[in-house]
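Chemist: OK, Swiss-Prot features for this one:
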- GLY8, ARG11, ARG91, ARG137, ARG140: ATP binding site (BINDING)
- GLY8, ARG11, ARG91, ARG137, ARG140: CTP binding site (BINDING)
- ASP21, ASP23: Mg(2+) binding site (BINDING)
- 228-329: domain 'HD' (DOMAIN)
Amino acid sequence: MKFYLVGGAVRDNLLNLTVKDRDHMVVGATPQQMLEMGYRQVGKDFPVFLHPETGQEYALARTERKTGVGYGGFSCHASPDVTLEEDLLRRDLTINAIAQDEEGQLYDPYGGVDDINNRVLRHVSDAFVEDPLRVLRVARFAARFHRQGFTIADETLAMMTQISHSGELEALTAERVFLELDKALATDSPQVFIHVLNQCDALAILFPEIHALFGVPQPVKWHPEIDTGIHTLMVLEQAAKLCDDNSVRFAALVHDLGKALSPKEHLPKHHGHGQKGLALIKVLCARVRVPNDYRDLALLVSDLHQNIHQIEELRPDTLVKIFDKADLWRKPERLEQIALACEADAKGRLGQEEWSYPQADYFKQCFMAANKVAVKPIIEAGFKGAEIKAQLQLKRIEAVAEIKQNLNQTDSP
């Protein structure tokens with residue numbers, strides 16, 4: 001019986017990255033032997049055990065055989081006869097198919113160390129094409145390790161394209177697709193995830209609303225990058241630089257879906273694209289089971305981002321209506337989220353990545369002024385029922401007007 005550290009822990013240690021999860025493989029053991037040593041079995045489909053003290057996972061060495069469609073269409077065989085090499089062979093990428101024994105000795109039968117040194121994401125074997133989930137996983141690894149200089153091997157990208165064309169991506173559950181998207185959004189370079197899916201023809205299948213943006217032109221005056229798909233990638237990249245909030249990053253990703261619906265005769269103009277995109281966002285979110293808080297923020301950003309860009313030109317009453325629509329009185333955290341998504345949109349343009357975005361500060365100042373208006377003096381003044389709400393609205397508009405007046409005085413020579 002031999003114990004090995006495997007997978008991400010070995011990979012991340014070789015990359016000098018923080019090791020978060022430590023997974024182990026056991027060769028030459030039976031489930032009964034593991035139980036006798038105090039391990040607790042948790043795996044149903046194949047034997048996985050939890051260490052009695054550390055709680056870390058220990059899986060018996062196993063092989064897999066394709067028996068059906070999708071990432072769940074596999075039968076597993078675990079026995080003391082399965083070798084280290086056989087277990088590592090079933091893994092997705094060579095960088096994830098390295099093992100380390102208890103003495104620190106590395107076992108690398110498929111060249112994972114060389115691929116780490118050369119910054120290459122490469123499949124372990126031709127069985128790679130049997131699991132459609134690997135398209136999403138490799139795209140996510142490409143996003144996660146983009147800053148370390150990793151790229152996908154051409155032959156691996158070709159296999160990912162083969163999977164896309166096989167029809168097996170449709171077998172992925174909505175929950176699994178969103179889980180991979182959410183993990184990708186949390187990486188340093190989430191735009192790479194979308195780019196890779198587009199490269200291997202998976203984007204059109206999994207996220208057709210986003211795929212439809214590529215090739216759609218925009219006015220060069222406002223968008224030197226021209227292509228709406230490229231703009232979307234740039235906005236997502238900026239959102240990742242601005243904050244760690246995945247709901248903001250998702251809103252950035254889908255803020256311009258409506259541009260795909262602009263009539264060809266009107267291109268490159270996109271009148272009302274923010275509102276046109278609302279239905280598309282709802283469809284995408286329903287299909288992939290996006291959480292409600294992600295969806296609601298995305299809808300607000302799509303609807304309001306053009307107004308926020310021109311916020312200094314808006315009347316005070318219009319601004320208060322925006323605060324109402326966004327329900328900022330009850331959900332003030334949305335103020336920062338909307339501001340960040342709009343800033344990402346403004347900076348996600350060729351040559352404008354370092355531009356300032358004063359609209360965000362003005363947006364926040366106006367809301368904070370309006371939010372300071374107290375209801376108590378209005379009630380004490382004798383107003384009742386609907387009059388209270390009307391007076392509160394008027395006072396909020398006055399507070400915003402004062403901020404606007406101060407801004408105008410500051411801007412005047």
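A Cβ is built for glycine as well, from the same backbone N, Cα and C atoms used for every other residue.
On this model, are these features tucked inside or out on the surface, and what's nearby?
Modeler: When secondary structure is read from DSSP and collapsed to three states, ARG91 (ATP binding site) falls in the coil class.
When secondary structure is read from DSSP and collapsed to three states, ARG140 (ATP binding site) falls in the helix class.
For ASP23 (Mg(2+) binding site), the same-chain residues that are 6 or more apart in sequence and have a Cβ closer than 8 Å to its Cβ are LEU5, VAL6, GLY7, GLY8, ALA9, GLN56, GLU57, ALA59. Classification of ASP23 (Mg(2+) binding site) by DSSP places it within a strand.
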Chemist: Out of ARG11, ARG137, which of the binding-site residues has the smallest number of neighbouring Cβ atoms within 10 Å?
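Modeler: Relative to the other binding-site residues in ARG11, ARG137, ARG137 has the fewest Cβ atoms within 10 Å.
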Chemist: Can you give me the same-chain residues 6 or more apart in sequence from ARG140 (ATP binding site) with a CB-CB distance under 8 Å?
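Modeler: Long-range Cβ contacts: GLU180, LYS183, ALA184, THR187, PHE193.
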Chemist: Just counting, how many other CB atoms are there within 10 A of the CB of GLY8 (ATP binding site)?
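Modeler: Step by step: centre on the Cβ of GLY8 (ATP binding site), count other Cβ atoms within 10 Å, giving 17.
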Chemist: Can you tell me how many other Cβ atoms are located within 10 Å of the Cβ belonging to ASP21 (Mg(2+) binding site)?
Modeler: 10
